Amino acid sequence: MTAVQNPGKSYYVSTPIYYVNDRPHLGHAYTTVAGDVLTRWHRQRGEQVWYLTGTDEHGQKIMRTAEANGVSPQEWCDKLVEEAWKPLWEHLEIANDDFIRTTEDRHTARVQEFVQDLYDKGEIYQGGYEGPYCVGCEEYKAPGELLDGEGEFAGSKICAIHKKPVEMLKEENYFFKLSEYGPKLLEFYAANPGFIQPESARNEVLRFVEQGLEDLSISRSTFDWGVQIPWDPKHVIYVWVDALLNYATAVGYGSDQAKFESTFPADVHLVGKDILRFHAVIWPAMLMANGLPLPKRVVANGWLMVGGEKMSKSNLTGIAPQDLTAHFGVDAYRYYFLRAIPFGTDGSFSWEDFSARYTSELANDFGNLASRVAAMVGKYFGGVLPEATASGPAEAALAEGLAKAVAESDEKIGERLDFAGGIAAIFDFVKQVNGYLTEQEPWKVAKDESPEGQARLATILYAAAESLRGVAVLLNAVMPRVSGLLWDSLGAEPALGVLADQRIGEAARWGTLPAGVTVTKGEILFPRLEEKK
Ligand code: MSP
């Protein structure tokens with residue numbers, strides 16, 4: 001099961017594939033931005049990376065939405081994918097390598113093969129099921145998981161996540177022998193303690209599996225919007241089995257063996273905590289059953305909350321990311337959610353908190369620093385970066401600060417997915433550079449016209465610009481556009497190449513930015529916010 005890692009293998013990260021019953025909101029964008037930062041970071045480590053996202057288009061939820069809108073499910077999906085989902089990822093500068101849709105032939109044909117293989121191996125049998133089903137979750141629920149409805153739903157049992165009544169279903173289904181995989185899964189979790197993160201998520205899954213698993217209904221026969229069961233076309237494959245397989249079909253399962261071997265399994269499946277069990281229990285069991293390697297990690301993020309509830313379109317609390325980017329810009333948007341909410345815990349969005357961080361951290365600490373340094377190189381050296389010939393302990397401390405920021409952010413963002421901690425480490429360094437300028441007072445040193453005074457002035461400004469060179473490299477994954485502006489303003493590109501090609505491992509090499517480059521003031525990185533409507 002623990003195949004030897006193929007040395008040519010890509011670092012493979014996935015987002016959940018999103019239901020296209022509606023437009024994306026902040027909650028969906030949260031995970032997708034996190035995955036984008038993680039994969040950009042690994043690209044800058046010099047690794048080969050594969051970042052996958054996509055859409056989940058089958059099932060009753062989509063079918064009913066399409067019906068309610070008077071169009072076919074396929075038309076509905078096509079419209080939403082092209083008009084809402086793909087444009088949002090472009091807008092947020094998501095650099096995904098592929099976008100899989102579960103209605104594509106490259107997916108559906110392979111899903112049928114996978115399920116047929118399980119059937120041929122005796123892992124699937126026919127039975128019947130009766131129980132409460134939540135169409136929002138697309139999942140049969142155990143009676144104990146339900147809540148008593150209140151108000152308009154008084155007297156009904158409701159889903160704890162969607163807060164809507166469940167439906168009683170009675171169907172003839174096919175079942176996957178999931179119950180047989182409990183002990184094997186527990187053994188796998190014990191041997192791979194980092195498989196489920198964070199710790200709270202791991203504990204929840206362990207408790208769930210330890211209680212014993214039931215077999216999983218993997219087909220539905222009362223509607224037809226899905227992938228047909230190959231040996232019994234009256235049934236469609238359960239939407240979750242169909243959806244999970246995207247992680248295999250998108251990277252060549254059954255169609256491109258070389259691609260599959262160099263990509264699969266995922267290094268990180270990013271998931272919301274509500275869909276953890278599907279990824280940490282059902283998905284590995286499906287893979288075990290078909291003799292495929294298991295993912296390295298499943299990392300659950302918390303929810304963005306509104307008024308104490310999970311933000312969602314069905315609760316009418318879904319905020320469109322564009323409502324925020326129009327005001328704060330895309331870079332600040334990408335920064336804010338990862339900086340403000342420790343990854344793995346729930347967090348509330350607040351306009352005031354966003355504005356406060358924008359002004360103090362981005363505009364004042366970072367943006368002003370960049371523009372002051374460029375302005376001083378312009379004023380005192382005609383925009384040509386001078387050489388540092390009089391370095392001392394203060395510059396050594398800066399170089400050390402940069403090295404610390406690189407090491408900490410690499411460990412936190414690149415390994416632990418602690419985005420908030422990693423970004424904080426970079427911004428501690430930004431603060432250190434501000435402190436350095438306050439102490440060194442280059443504007444006063446500039447008045448000393450002696451050669452020693454001029455050499456100190458040159459050294460201070462070089463050190464500040466060189467620090468910003470490091471900051472641009474480290475922030476590129478989080479804020480690619482603004483970091484690119486900074487890179488341009490430092491005149492770094494002709495000498496050092498494009499920003500995205502700068503390696504994290506070399507970011508701390510002090511003295512990388514060559515003296516003599518042209519430093520320009522450029523666009524303001526974080527303009528003052530407009531008054532809110
Ligand atoms: N289609 C399934 C996933 C299949 S993956 C093989 C699905 N789709 S979803 O669109 O409902 O949700 C996708 C992801 O968005 C989930 O990880 C979910 O946790 C996340 N979020 C939805 N609302 C959210 C918040 N308010 N906050 C953070 N993430 C949330 O489930």
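Keep in mind that glycine also has a Cβ here, set from the backbone N, Cα and C atoms.
What you see is a predicted model, and the numbers here were worked out from it, not measured in a lab.
TrEMBL tags one of the stretches 5-9, 40-44, 55-59, 310-314 as motif ''KMSKS' region', and that stretch is 310-314. Ranges compared are 18-28, 139-149, 161-171, 205-215, and TrEMBL records motif ''HIGH' region' for 18-28. Across the domain 'Methionyl-tRNA synthetase anticodon-binding' (385-532), mean pLDDT in this model comes to 97.
In sequence order, Val135, Gly136, Glu139, Lys141, Ala160, Ile161, Lys164, Val166 are the residues of the same chain, not among Cys134, Cys137, Cys159, His162, whose CB sits within 8 A of the CB centroid for the Zn(2+) site. Through the fold, the motif ''KMSKS' region' (310-314) approaches residues 21-23, 25-27, 136, 161-162, 164, 274, 303-304, 349 of its own chain, all at least 6 residues removed from its boundaries and within a Cβ separation under 8 Å.
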